[in-house]
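*Asks:* Annotations for this protein, taken from TrEMBL, read as follows:
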type	residues	note
COMPBIAS	471-486	compositional bias 'Basic and acidic residues'
COMPBIAS	526-536	compositional bias 'Acidic residues'
COMPBIAS	542-554	compositional bias 'Basic and acidic residues'
COMPBIAS	562-575	compositional bias 'Basic and acidic residues'
COMPBIAS	587-600	compositional bias 'Basic and acidic residues'
COMPBIAS	625-637	compositional bias 'Basic and acidic residues'
COMPBIAS	652-666	compositional bias 'Basic residues'
DOMAIN	5-378	domain 'Nucleolar protein 10-like N-terminal'
DOMAIN	383-431	domain 'Nucleolar protein 10-like second'
DOMAIN	491-518	domain 'NUC153'
REGION	452-486	region 'Disordered'
REGION	513-666	region 'Disordered'
Amino acid sequence: MVLPVTSANNVKVYTVSGGIGSRSVPDWLARNQKKALKKDFEYRTRVDLIQDFEFPEASNRIKTTRDGKFAMATGVYKPQMRVFEFAEVSIKFERHMDAETVNFEILSDDWTKVALLQNDRSVELHTQGGIHYRTRIPKFGRDLAYHYPSCDLMLGASGTEVYRLNLDQGRFMNPIITDATLGVNCVEINPAHQLFGFGTANGTVEFWDPRSRSRVGLLSQPQVPTTFGTESNLEISALKFRNDGLTMGLGTSTGHTLLYDLRASVPFMMKDHQYGFPIKTINFHDGGAGSGDIDNGNDKVIVSDCKIIKIWDRTNGKHFTSIEPETDINDVCVVENSGMIFTAQEGVQMGAYYIPELGPAPRWASFLDNITEEMEENPNRDVYDEYKFVTRKELAALGLEHLMGTNVLKAYMHGFFVDLRLYEKARLIANPFAYDDFKERAVREKLEKERGSRIRANNKLPSVNKNLAKKLREEGNKKNKKKEKETVLDDNRFSELFADPDFQVDEASKEYQLLHPSAPKKAVADSEDEDDEMEDVPSRNTHVDDSDSDRLDGDSDSEDDIVGKIRKERGLFMRDKKKPQTTVRNVTDKKFKTARRGPEMRMGGETGRASGRGDARKSFGTRLKSNESKHKVEGHKMSRTAMGGMEMSFKPKAKASNKKERRPRS
């Protein structure tokens with residue numbers, strides 16, 4: 001036998017009813033097409049955990065009895081109730097009703113006493129022989145619960161009242177008046193201390209004490225994250241108490257599940273189903289311990305909406321697994337102390353799922369453990385394991401393009417499925433040396449691995465950032481003379497710094513030279529740009545003698561010269577008041593120095609030296625104009641040449657005679 005299995009979050013979920021492999025076939029079809037069904041793989045390998053575990057159209061609710069021997073479910077169409085016996089793994093009987101069942105409650109330990117709430121405002125009480133009594137409530141009912149100590153049947157409806165039908169006295173008692181103006185959606189009774197909990201359509205939860213019949217607590221509307229497209233009115237759609245008496249689970253109409261401690265008004269955990277549909281049911285699974293007051297570290301919360309069943313850890317909220325049936329979910333029932341889950345769905349078949357990691361199989365279905373163990377020991381090959389998916393490009397490389405359109409290739413999406421045996425033969429023909437290449441590559445990798453394990457000194461510098469690696473290695477050798485320590489070169493976090501060319505340090509950049517002034521120059525500007533820059537070089541003392549020029553020519557690579565160059569390019573000037581010095585760019589052209597001294601000599605005397613400091617920051621042309629206005633001499637003329645240079649002409653003065661000439665008297 002083969003069970004359909006899914007592995008959500010690496011947790012195997014076996015479908016024992018309600019899946020593809022467990023589809024039902026009518027008896028008349030089985031008789032008429034007996035020969036054809038012998039070839040049907042799905043029919044031959046089907047597993048019917050419970051015979052006729054289905055309804056003609058859909059199922060609404062499903063529950064198990066407290067003695068663990070029966071399962072009771074309601075469905076349509078026509079509205080009916082079916083009871084299944086686990087010992088016989090088959091249906092026991094079915095009973096039809098006049099209206100569709102909204103919810104029902106099993107009053108006894110077995111199936112003999114049942115109360116059903118129907119969608120026509122009626123309440124039916126059934127016994128072993130059939131319907132016992134039928135009554136009606138003023139408003140349409142939504143949920144019901146049975147209080148065993150007082151024999152009160154609590155009925156939540158679309159109004160503010162929660163009706164109390166006493167089954168011992170056979171009459172309605174005074175209803176419980178709540179503040180739910182939009183109705184009471186769910187009614188739940190705490191199994192530990194019998195506290196009443198009413199989840200309302202207003203988004204609140206009211207707690208009532210059955211002894212005083214008064215409200216003892218009110219949980220205001222929980223704050224849940226709002227998602228796009230959700231309704232603004234938050235409702236409580238599901239409510240469940242854990243057996244320990246302190247933990248409570250709430251399900252909202254926005255698809256959120258909140259876990260509360262009754263001693264606090266703030267949830268200690270919140271989970272989102274991500275679908276946006278109202279939560280249908282909440283169940284606490286105690287890891288097979290049998291009692292909810294013992295925390296064994298394997299407690300799970302089973303929450304469902306109409307699309308999916310999600311199982312997660314109660315303590316930390318970690319996702320365990322999920323079940324997504326083919327049809328919408330109406331109700332979920334967990335078989336006590338086992339890993340079996342029943343679902344009522346919007347389909348003919350009701351679902352039955354077995355999760356070995358959640359718990360063992362029930363006693364009446366112990367054969368499931370043997371089947372699942374055999375399946376794990378002998379996993380079946382999938383039908384796609386015998387086929388290879390290839391694209392059109394790969395098909396052309398294999399030389400199988402002529403097979404397109406034949407039965408050999410199965411077109412699928414952007415490629416084709418081809419038989420695996422044909423693919424292997426075609427690949428061998430297309431590349432006969434593929435195995436030799438693979439063998440050579442494997443031998444090469446093995447040799448490289450052996451070479452890497454040898455102990456040898458690694459003195460080779462990397463191809464990227466050699467200077468930086470050399471500097472780091474020298475610093476590391478100085479520090480690690482006495483004690484061995486890991487350096488930057490040995491750290492894997494910085495391996496790309498010496499392997500990727502994108503991390504190469506540009507030593508010719510201005511930033512690098514500014515941070516490393518003692519480093520040698522790597523680049524020189526073009527001669528034309530250099531001449532333009534030389535005209536704008538500021539000087540604090542414009543007078544430069546031959547000794548200074550010779551000194552500057554000899555020490556061209558000094559630190560001060562490079563720093564001055566970088567500062568000049570960045571628009572920064574060296575200002576040192578304590579020790580004034582001449583800031584002159586180191587050049588090899590002696591004409592530049594002569595040109596620098598020329599204007600000073602022509603300015604002449606003390607006037608030029610006095611104005612040297614003030615005019616030091618002015619350009620050469622500005623200083624010439626200012627000098628021309630100050631020293632107007634007859635015969636002096638300044639003009640620009642056609643090539644952009646400056647030209648000056650003058651007439652020399654006649655040398656004055658020592659003797660004074662006498663002027664004749666008139």
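Positions of Cβ are set from backbone N, Cα and C atoms, glycine also.
Please treat TrEMBL annotations as automatic predictions, because they have not gone through curation.
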*Asks:* I'd like to know the mean pLDDT over the domain 'Nucleolar protein 10-like second' (383-431).
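*Replies:* Mean per-residue confidence for the domain 'Nucleolar protein 10-like second' (383-431): 85 out of 100.
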*Asks:* So how many of the residues in the domain 'NUC153' (491-518) end up helix, strand or coil by DSSP?
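*Replies:* Helix, strand, coil within the domain 'NUC153' (491-518): 16 helix, 0 strand, 12 coil.
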*Asks:* For the domain 'Nucleolar protein 10-like second' (383-431), jot down how many residues DSSP puts in helix, in strand and in coil.
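*Replies:* Its residues divide into 25 helix, 13 strand, 11 coil.
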